[in-house]
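Database features, via Swiss-Prot:
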type     : residues : note
REGION   : 1-29     : region 'Disordered'
COMPBIAS : 8-21     : compositional bias 'Low complexity'
MOD_RES  : S26      : phosphoserine
DOMAIN   : 37-104   : domain 'Histone-fold'
COMPBIAS : 239-252  : compositional bias 'Acidic residues'
REGION   : 239-308  : region 'Disordered'
MOTIF    : 295-308  : motif 'Nuclear localization signal'
COMPBIAS : 298-308  : compositional bias 'Basic residues'
Amino acid sequence: MADSVMMGSGSLNSGSRSGSSKTCTSPTENYQLARRRTLQVVVSALLTECGFDSAEKAVVETLTEMMQSYITEVGRCAKANCEHTARSTPTLSDVVITLVEMGFNVDTLPVYAKRSQRMVITAPPITNAPVVPKSLTAGQKRTHPAHIPSHFPDFPDPHTYIRTPTFREPVSDYQVVREKAASQRRDVERALTRFMAKTGETQSLFKDDISAFPLIAAKPSPIPYLSALLPSELELQSLEETDSSEQDDQMDNDNNTSHIMQDDSGADKENEVLPPGGVVPSGKANEENMIDNPYLRPVKKPKVRRKK
């Protein structure tokens, strides 16, 4: 009986063995192929129990895929039930609940396990799960303190706490700064020229293609000497600043003289005539120095508020 079983399983697995004759260098692929071969042996044994002597490779692969999907779904649902009850490791009760939810009659499982025609399959070779190498290791990994249960997930790798600044120090080299300023100025001039050529009137060097090498049209001024007579913006700004500062000083002087005259008003009422060695007040001196002709007086501009 054992010889027939081994022959049946060998004939069923002949296609899979021939297909996987190539050696895999990756430990992950070796681990997956070992699990896949075990499922194929189980499927072959079940087919032999049902009375089949041989089977096609496509049929064995289909049944193996169905069994793998069923086992994967049982494990996934058991893990979900386990996490729903605030646990990290599934137990037998989680698997039983999963089988019941999937429509499996759990009471028939002991009877099926004690059947007389059950075939004994040798244990597969022990294959260790592939270990994922850690490329970045820095420092020592932290352990859980006393107030954190052991079933909680571990702390992240110490490398995750390392930060790298993303900003760069400003360049202080004279040559690099000048080259950068020159390139920026060139880009600004080129962009301004293109904008003026697109929005304003242009002249073309070629009659056939007007859009090729456009030139900004020169607009002659009706009064060419006007630009030489008008002050520039910098001169206007400096004049406004000086005028505003002079007006502030004049207002401060007027306020000071008014306060002094108010303080001395009591003494001036008693002595209407100044003593021979007296000094003329500054207010009267300013009034005498004022020009009567309004056309000769200096222009008073409004006070300009400086932006802070």
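Using the three backbone atoms N, Cα and C, a Cβ is placed for every residue, glycine included.
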Other CB atoms within 10 A, centred on S26 (phosphoserine): 10
In three-state DSSP terms, the structure that the residue listed as 'phosphoserine' belongs to: coil
Model confidence over the domain 'Histone-fold' (37-104) (mean pLDDT, whole number): 91
Number of helical, extended and coil residues in the domain 'Histone-fold' (37-104), per DSSP: 51 helix, 0 strand, 17 coil
DSSP-derived helix, strand and coil totals, residue by residue, for the compositional bias 'Acidic residues' (239-252): 14 helix, 0 strand, 0 coil
